[in-house]
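Participant: Pasting in a structure now, in structure tokens, and then I'll have a few things to ask.
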Amino acid sequence: MDIIFIICSLLFIFALIFHNTSYSEENNATGYDDSILVIEVFDDDEEESKYELKETVAINAVLRASKICQKVFQKLVMSDTVIKKDRSPVTVADFSAQAVVNKILYETFPNDLIVGEEESGCLQGDNRKELKNKVLSLANSVLDTPLNDNELLDTINRGSSPGGSSGRIWALDPIDGTKGFLRGEQFCIGLALIIDRDVHLGVLGCPNLLVDLKTPEGEKGCLFVAIKGKGAFQHKFSSTEETQIHLADISSPSAALFCESVVAEHSSHGDAAKIASFLGITKPPLHMDSMCKYCVVARGDADIYLSLPVRVDYEENIWDHAAGCILIKEAGGIVSDINNKPLDFSLGRTLKTNKGVVVAHSKIHGQVIDVVQQLILKK
């Protein structure tokens with residue numbers, strides 16, 4: 001093993017430990033535990049060690065972004081909300097979280113590309129100065145090295161990569177489910193590493209997700225990590241405890257629990273209800289925003305997740321699905337589009353050749369696809 005890489009890896013871990021100590025008092029007050037950032041994942045193989053450094057950096061970035069979102073919600077001021085072209089709300093937390101994740105990734109992997117959801121245009125101009133200052137302050141509150149005004153905008157815009165089919169590309173959604181965030185319900189910070197077309201790593205931070213859905217008054221805050229060929233895992237925000245997760249072992253679609261978005265803005269609830277009826281499903285659907293739907297299916301709380309196109313020309317964004325896709329695969333499920341084609345993350349910022357998303361256990365995915373195609377493709 002390269003001795004230089006070993007030294008760099010150790011220095012990185014020591015830096016995380018030092019940072020964790022300096023923030024421990026504040027984190028205890030917010031219910032956020034930075035100690036989970038330090039994961040002993042290095043072994044004797046050089047290539048393995050390089051990969052585990054990526055995992056550690058991604059976890060670090062997502063947890064710090066999650067901390068920002070928790071801070072913002074606790075002090076939420078509605079005037080901090082601006083409106084994107086598609087009319088979905090986006091808050092100061094979106095920009096702060098993207099700045100933090102982009103900076104952490106760039107500092108460690110400066111040659112990697114980042115496909116992020118946000119752009120800094122909403123922060124430019126005299127009428128946005130107050131908003132920009134709040135974003136800057138929040139981002140710097142969790143960064144080791146602070147950003148200045150110009151660096152903030154440049155850092156956010158590092159997420160403007162067009163994507164592609166080669167090299168290492170990070171797909172980032174700084175807040176997936178912004179409407180859920182504003183309601184105090186489910187949202188997710190999603191980060192995936194795509195290497196030469198394939199998703200190799202997915203990290204999803206879900207600050208408002210119950211550790212156990214069967215305990216409504218129980219602990220919230222879950223981190224999900226999926227590594228290609230190594231499985232899918234859940235951590236609690238409050239500890240370093242790790243649990244490997246799997247989809248529920250289900251052999252008949254009629255026994256399944258559907259999971260779908262809260263509102264039907266980007267997915268047809270009417271079509272989903274017809275599909276559920278044809279499959280013999282009688283349980284009411286579980287409504288939830290964001291990639292948290294991938295997470296609850298991956299750990300067995302729900303069995304089927306559909307995102308059905310509401311427009312012929314609608315294209316899903318890669319940052320909305322990359323991390324969730326590998327989580328489901330590593331937990332024993334299948335992710336495809338409504339034509340039963342794998343999701344193709346190599347064609348830019350959107351899933352240009354895919355229509356919709358179908359997620360289910362490998363034992364029932366084929367049956368779900370058959371009904372989807374009967375009802376949707378023949379319309």
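Using N, Cα and C of the backbone, Cβ positions are placed for all residues, glycine too.
The following feature annotations were taken from TrEMBL:
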BINDING   GLU117, ASP173, ILE175, ASP176, ASP320  Mg(2+) binding site
SIGNAL    1-24  signal peptide
Participant: Around the recorded Mg(2+) site, report the further residues of that chain (criterion: Cβ within 8 Å of the mean position of the Cβ atoms of GLU117, ASP173, ILE175, ASP176, ASP320; site residues excluded), sequence-ordered.
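Facilitator: The answer, listed by sequence position, is LEU172, PRO174, GLY177, THR178, CYS188, ILE189, GLY190, SER290, MET291, ASN317, TRP319.
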Participant: Should ASP320 (Mg(2+) binding site) be counted as helix, strand, or coil on the basis of DSSP?
Facilitator: helix
Participant: Over all shown protein chains, what is the count of other CB atoms within 10 A of the CB belonging to ASP173 (Mg(2+) binding site)?
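Facilitator: The Cβ of ASP173 (Mg(2+) binding site) has 32 Cβ neighbours within 10 Å.
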Participant: Looking only at GLU117, ASP176, ASP320, which of these binding-site residues has the biggest number of Cβ atoms within 10 Å around its Cβ?
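Facilitator: Highest number of other Cβ atoms within 10 Å: ASP176.
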Participant: Can you tell me whether DSSP puts GLU117 (Mg(2+) binding site) in helix, strand or coil?
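Facilitator: Its secondary structure by DSSP: coil.
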Participant: Using DSSP reduced to three states, classify ILE175 (Mg(2+) binding site) as helix, strand or coil.
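Facilitator: Assignment for ILE175 (Mg(2+) binding site) reads strand.
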Participant: For a quick check of packing: other C-beta atoms within 10 Å of the C-beta of ILE175 (Mg(2+) binding site), how many?
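Facilitator: Counting Cβ neighbours of ILE175 (Mg(2+) binding site) within 10 Å gives 29.
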